[in-house]
Amino acid sequence: MIAFGRRMVDNFGWRFLLLLASVYFGVKGLAYRIAHAAFLPYFRFKLGVDNATRFQSLFTVFLLPWSLKPFLGMLSDVLPIGGYHKRWYIQASVVVGVLACALLAAAPVGKVAGGVLAAVLFFLITVETAASDLLLEGMYSEKMVAVPESGSDMVTTVWSLYQVGTFFSALVVAGVADQDPANFFWVCLPIAGQLALPVGAGWLGEKSVVGGFRREKISANGRYFFLGSMMGASAIGLGAASLWASVLTQAVYSIIVGVVLCGMSLWLLPPMHGRAHVYMFLTCALNANIRGALDPFYTGDAKCNPTGPRFGLRFYLSWSAAVGSVAGLAGIAIFQVFLARTWYRRAFWTTTLLQVAAGAMDILIVERVNRRFGISDKAAYLLGDSIVQDVVLMMDAMPQIVLLSKLCPPGMEAVVYSLLAGFANFGEAVASSIGSLAIDQFGIRTPDDGTRCDFDNLSWLIFFCHVFLPVLTVPLTFVLVPAAKMTDDLFAVAGDGSGYELGDVTDGGEGGVSWGGDPAEPDTWVAPHETGGAPPSLPALDDVA
């Protein structure tokens, strides 16, 4: 461990490593995960949003900034601010995140417009997380190119910082879980704000560039900008529908937009990449998020759910999350041992079936099967949701990460990766809107007048959303996923990468991997066939939910 740390300092410098810690341990691991945990107590107990479908719709808004990453990447690339592509965008996101935390902590924003303002503020916290994550990805990718002998050290560091941050966020939540939910954001506020210091000190290592709008980048790479812009507009539209439209309208809108985006991907992109976009979207969208029904079942009081688990928030939000973060690391190890060198298709359908089995464990608790065998609700929940599900979820994410990385042609990593990951992230937002409709259609009721909740069809809801829908993606793996091993060169296997070029490519001299180069700035432009013109793939899908 000491030798690893010294190697990282020697290769990348202590300033950049502290910047990584600021983003991945601080903002993404601590602040975002604390805000994620705060969503339940803030909306359900502070604001009184007891309606399960309304709660689910507002949660969809919280997730949407991850779907905006392709658009944010394009904007920062074509319109530098103050001579920098990244610095001032990150600083702006910090201001937005700090302001949101301050208002949620101190201002009487609670019941404004039925929780709409609070949902927008949660959205802004995710904006800081997604923007800083995106813009730092390009910087550390560039540094990996400059030091090829570092191998996967940078990726390991980023993952480790995030996982450790997630673990400590669970411990922080334990200290405030039973207090006023506003206290969550007094904790988040300085963590969200500290990123301004290393960025302001210039630790990004970003070079100053000539100002002005890069219109030529849009002209040269129109189809990618078009897809990214369409996804950004679709995400904003889904946010508006989630705030003000019915659950049926939300679901219909998200499904139609998803079909259109998938169709455009198949039309505009090479076959292998278009199919991957569709698969990533469907595998996420068909795993419907039903947090709005499960949260009140597990945490509802005796009036709402007389025979339910009635978990305290400290256990439900903190200790189970801490166990889950450790289980996630175990999932990475299990994948590495058993599936890392197998076929993509086998890895995907295997992890999908395991995920279905893990999701079905909620049914056992809802039907009280665990009690018949003398297993307490807490033990069953820790075993199922916190251990088995987190292990399987990480195992399911790993082949997606590998496929995303291997589909990135040399010199185009930022473009292709952002679009692929963006489709997966938008799929998760769609899954949340589908979950809202499913909760409503299955008759789950969580009234705010203190009367008994209706969870009679909860088992069927779980079966439909976490068993039936995900299983539909299994046959799709044989149509949409490349028939190759995870150790194969996908472009050699498919032979369809030749039509996947950008107009120009930059090595990130303007501050990271770019959405197209700028030959007008010769000191910052590197041709794809030259050294530095092909940065390595980015590491991982973003954490949502």
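Cβ coordinates are placed from backbone N, Cα and C, and glycine is handled just like the others.
Any TrEMBL annotation is an automated prediction that lacks curation.
The region 'Disordered' annotation in TrEMBL covers 508-545.
For the transmembrane segment (12-35), the list of distant contacts is 97, 101, 122, 125-126, 128-129, 132-133, 136, 139-140, 143, 147, 150, 154, 157-158, 161-166, 168-170, 172-173, 184-185, 187-188, 191-192, 194-195, 197-199, 201, 203-205, 321, 543: same-chain residues at least six beyond its ends, Cβ to Cβ under 8 Å. Here TrEMBL flags 12-35 (among others) as transmembrane segment.
Residues or ranges marked as transmembrane segment by TrEMBL: 88-107 (among others).
According to TrEMBL, the feature transmembrane segment maps to 113-136 (among others).
Marked as transmembrane segment by TrEMBL: 157-177 (among others).
According to TrEMBL, the feature transmembrane segment maps to 183-204 (among others). Sequence-distant contacts of the transmembrane segment (183-204) (same chain, six or more residues past either end, CB-CB distance under 8 Å): 15-16, 18-19, 22-23, 26-27, 30-31, 34-35, 37-38, 41-42, 86-87, 90-91, 94, 97-98, 101-102, 104-105, 125, 128, 132, 136, 139, 172-173, 176, 511.
Within the same chain, residues 57-58, 60-61, 64, 67-68, 70-74, 116, 119-120, 123, 217-218, 253-254, 257, 260-261, 264-265, 268-269, 415, 418-419, 422-423, 426, 429-430, 433, 436, 502, 515 sit at least 6 positions outside the transmembrane segment (224-245) and bring their C-beta atoms closer than 8 Å to a C-beta of that stretch. Summarising the annotation, TrEMBL assigns transmembrane segment to 224-245 (among others).
The transmembrane segment annotation in TrEMBL covers 251-269 (among others).
Feature annotation from TrEMBL assigns transmembrane segment to 314-335 (among others). Remote same-chain residues near the transmembrane segment (314-335) are listed as 33, 37, 40-41, 159, 163, 166-167, 169-171, 173-174, 177-178, 298-299, 378, 381-382, 385-395, 398-399 (criterion: CB distance under 8 Å, separation of at least six residues from the stretch ends).
Per TrEMBL, the feature transmembrane segment maps to 416-439 (among others).
Within the same chain, residues 275-276, 278-279, 282-283, 286-290, 293-294, 344-345, 348-349, 352-353, 355-356, 359-360, 362-363, 366-367, 403, 434-435, 438-439, 442, 444 sit at least 6 positions outside the transmembrane segment (459-481) and bring their C-beta atoms closer than 8 Å to a C-beta of that stretch. Per TrEMBL, the feature transmembrane segment maps to 459-481 (among others).
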Using a Cβ cut-off under 8 Å, which residues of the same chain at least 6 positions beyond either end of the transmembrane segment (113-136) come close to it? 19-20, 23-24, 27-28, 31-32, 35, 39, 42-43, 47, 49, 54, 58, 61-66, 68-69, 72-73, 76, 86, 89-90, 93-94, 96-97, 99-101, 103-104, 188, 192, 195, 204, 239, 243-244, 418, 512, 542
